[in-house]
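A.B. asks: Take a look at what TrEMBL says about it:
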TRANSMEM  51-69  transmembrane segment
TRANSMEM  89-112  transmembrane segment
TRANSMEM  124-148  transmembrane segment
TRANSMEM  169-192  transmembrane segment
TRANSMEM  204-223  transmembrane segment
TRANSMEM  288-310  transmembrane segment
TRANSMEM  330-352  transmembrane segment
TRANSMEM  364-385  transmembrane segment
TRANSMEM  428-449  transmembrane segment
TRANSMEM  469-487  transmembrane segment
Amino acid sequence: MPINGPVLEARRVSWVPRLLLGLFLLAMAAGPAWAHASDKGIVLLLPTGYYIVGGALAVAVSFLLLLAVPNDWLRRWIGCRLDLGTWPAIPRVGVSAAVFILLVLLLITGWYGSRDPLENPLPLFVWTLWWGGLTIAHALFGNLWHGLNPWLAPYRLVRRLMGRREGEGLWRYPAWLGYGPAILFFLGFAWFELVEPAPDDPSLLADAILVYSIVTWAGMALFGERAWLAKAECFSVFFGFVALLAPFQAEPVPVSAGSTEPRRYRLTLGLPGRALLQREPLPLDGTAFVLLTLATVSFDGLKMTFWWLGLWGVNPLEFPGRSAVMPASSLGLLAMWVALGLIYLLVIALGFRQAGGRTGLKPTLGRFVLTLLPISIGFHFAHYLTSFLVNAQYALFSVNDPFEAEWHLLGMEEPHVWVSFLSDMNSVWVIFSLQAGAVVLAHLLAVLLSHLMAIDFQPGRRAVFASQWPLALFMIAYTLFGLWLLSAPNAG
């Protein structure tokens, strides 16, 4: 029955608090789980039952408390910003050119440098600094990739030499393609990272980057740089979505027509994710892309657990290597994406029906999927934290002698990587607390953002509750899942 006001039969929702209580008791019944907080075979055990219970309970309570907060107060709070002044625009092409030169040097080290992934700069820079670290930087400081994109500067140079105008391609980007190319490229990237037996092999990684660079330049030439980067280049799309979460936002300062003054931007600090609230609903393929990013980082945490390997008859204590589980990992990656998509569709459709279906299911799917971005970044931080702390040191030391020629460019004769903190119980406790805290805080932010979205198009508090409780239950369950991934025995 459609809801034309703050009316909802009590018997239709009276069981929801019981379900919340049931999830809490289920987490309690799990007892103390045990976590390995190690990287590269160092296993330390920590009791984590309280983390799981407390995290799930915090997300559940936050959802209920938000219902009691007046909507007008929330709207005023969203609008609060700290003005950090105006700043000159960074020369985008110049930065891109510098990053392109760095990329070329890294590719050369990939082909001709050390074969050891812990001594060659390419895999360390790509997997640790770029993918592990730069992703988190986007969630804090905004769309850095907009300027760092290494493919932009050489393309613009060639375009000018050919006398073509900015944004001009041979053909118009087909509307029916949408985010399809970005989905395929990101799925290929995820498969290479999670399934390929040797994703950190320097030569193989260099070959893969070269191929993707050629494809990117070809796409920009055929359809124009703006269209290709906005819809087809998967990292521009991904980092653009992640940047919506940043508390720091830069907005161009209006200038009068014909002004020759250099462009400036006004920098503000506000609620993380406030830019996400202003975004138009994504189309279905954009929704699928966001779900793919969450499925990828979720499967990244699942694929080496004892539970997952046991499903395929693999002894995790005698793990035979990635090549032995390639079919299982390929299927698991796709299954995680499909399962997550179906669950999300069910959750949103249920809330849509409960609230009376006032805005259309398709835009509702495209609107609320953005609130899953904090969860994806929380998982990303938790998954990469330990390896970043170790491998960032290897990345620095790899620059000292990238070609094993005893150059000692940084003046270090025998650099030593500090890993003793992984064998200290207090250090491991701090690391695990940061990981668990990131997962929980990410879900709390997701609950807050989904609530802020709901109050903009639902007529009253009861209608907001009716539309949001299925999504809230999903987020509580995903909190349990994320904390379980941190605490589950792991073969890697």
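Using the three backbone atoms N, Cα and C, a Cβ is placed for every residue, glycine included.
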A.B. asks: Kindly say whether the transmembrane segment (51-69) and the transmembrane segment (204-223) touch, using the definition of 3 or more Cβ pairs under 8 Å where each pair is 6 or more positions apart.
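C.D. replies: Checked: the transmembrane segment (51-69) vs the transmembrane segment (204-223), no contact.
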A.B. asks: Quick check: do the transmembrane segment (89-112) and the transmembrane segment (204-223) share at least 3 Cβ pairs under 8 Å, counting only pairs 6+ apart in sequence?
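C.D. replies: With 3 or more qualifying Cβ pairs, these stretches touch.
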A.B. asks: At an 8 Å Cβ cut-off, counting only pairs 6 or more apart in sequence, do the transmembrane segment (124-148) and the transmembrane segment (428-449) clear the bar of 3 or more pairs?
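C.D. replies: Contact absent: fewer than 3 Cβ pairs fall under 8 Å.
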A.B. asks: Under an 8 Å Cβ to Cβ limit, what residues of the same chain, 6 or more beyond the ends of the transmembrane segment (428-449), are close to it?
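C.D. replies: Result: 35, 37-38, 44, 46, 48, 51, 54-55, 58-59, 62-63, 66, 245, 272-273, 276-277, 370-375, 377-379, 381-382, 385-386, 389, 421-422, 472, 475-476, 478-479, 482-483, 486.
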A.B. asks: If we call contact 3 or more Cβ pairs under 8 Å (sequence gap 6 or more), are the transmembrane segment (204-223) and the transmembrane segment (330-352) touching?
C.D. replies: no
